[in-house]
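As recorded in TrEMBL, the features of this protein are as follows:
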| type | residues | note |
| --- | --- | --- |
| TRANSMEM | 7-27 | transmembrane segment |
| TRANSMEM | 47-70 | transmembrane segment |
| TRANSMEM | 91-115 | transmembrane segment |
| TRANSMEM | 127-148 | transmembrane segment |
| TRANSMEM | 160-180 | transmembrane segment |
| TRANSMEM | 243-268 | transmembrane segment |
Amino acid sequence: MRSGRTVLALSLYLFVIGAVAFIFMYVNVQGQTLLLQPARTAELFMFLSYLQLAMISFVTPGIAAGTISGERERQTLAVLLTTPLSPTSIIIAKFISSISFLLLLIVMTLPLYSIVFLFGGVVPSQVFAVFGLQSLTLGTIASVSIFFSTWLRKTGWSTVFSYATVALLFLGLAILGYFLDDLSAHSPDQGILSWLSSLCYSINPLYMQASLEATVGFITPAFHQPVVASVFSVVASHDLTSFSAWFTFLLVYVGGSFVLLIASIWRLRPGGLIVMKKRLVKWLMR
């Protein structure tokens, strides 16, 4: 965190995000009497927030997937376990170190969103809600990556499984939700299929972030794009702004992260896997 490369990475990221915001504003003020219309500001907010969500989803597995398996490959894990640090302390420290840099990136982009406030279209509570969702998504992806890093011996495999989980979370659930929607439209048993599709959407960060941005209230040119229009159509048809949808999202992400970290701590304990196998065999032989 204190190295020159960290400062360079932060500066480069802020420069790219700032350049994107400036280019977007420059293109959209051409031929207009107003400097920037609130509807265009809402569109800028949507674009920047999804760009940041994509960055989080792509970078987090690369950082967190080698936290424990990397120690094992360097043959320093055994030495680490002989220190006064408990497995719980090690996993929590690895988790915090994995997310701290990306959390810093998220926080440092907050001043760029002041552009949105200057021209209207978005209120601060929506920005903070999006930042909260992105932070929770970051923590969950880091927990998944640390889980695979603890249970798999090779960093390559833990990285592959981590990225596969992210792809399943974002793309797999979206495809499954659309498939279930199509089935429910041609099936007499629409209730269970509609509930399952709503479940798929309510644990997908893409759609839950869209549910926050759907309250912006402006119909911008971006809403007329087929992909964007389909996302917001799903948000409206499945009522993803409801309390039940958000309760499901928080339950799965907070509860899932907790369970995965507990499983990682258990695996890191000396003899933890052997004890688990013995208990499983004893339970099966009842």
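Placed from the backbone N, Cα and C atoms, the Cβ positions cover glycine too.
Just so you know, TrEMBL annotations are computer predictions that nobody has curated.
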Can you name the far-off residues of the same chain, 6+ from the ends of the transmembrane segment (47-70), with a Cβ under 8 Å from a Cβ of it?
13, 17, 20-21, 24, 77, 91, 94-95, 97-99, 101-102, 105-106, 109, 112-113, 130, 134, 137-138, 141-142, 144-146, 148-150, 152-155, 158-159, 162-163, 166, 170, 205-206, 209, 213, 222, 264, 268
So which of 7-27, 91-115, 127-148, 160-180 has the most C-beta pairs under 8 Å when paired with the transmembrane segment (243-268)?
127-148
Beyond the flanks of the transmembrane segment (160-180) by 6 or more, those residues with Cβ under 8 Å of it:
57, 60-61, 64-65, 141, 144-145, 148-149, 152, 193-194, 196-197, 200-201, 203-207, 234
Where else in the chain does the transmembrane segment (91-115) make close Cβ contacts, counting only residues six or more beyond its ends and a cut-off under 8 Å?
1, 6, 10, 13-14, 17-18, 21, 25, 41, 44-45, 48, 52, 55-56, 59-60, 63-64, 67-68, 85, 127, 131, 134-135, 138-139, 142-143, 145-146, 150, 261, 264-265, 268
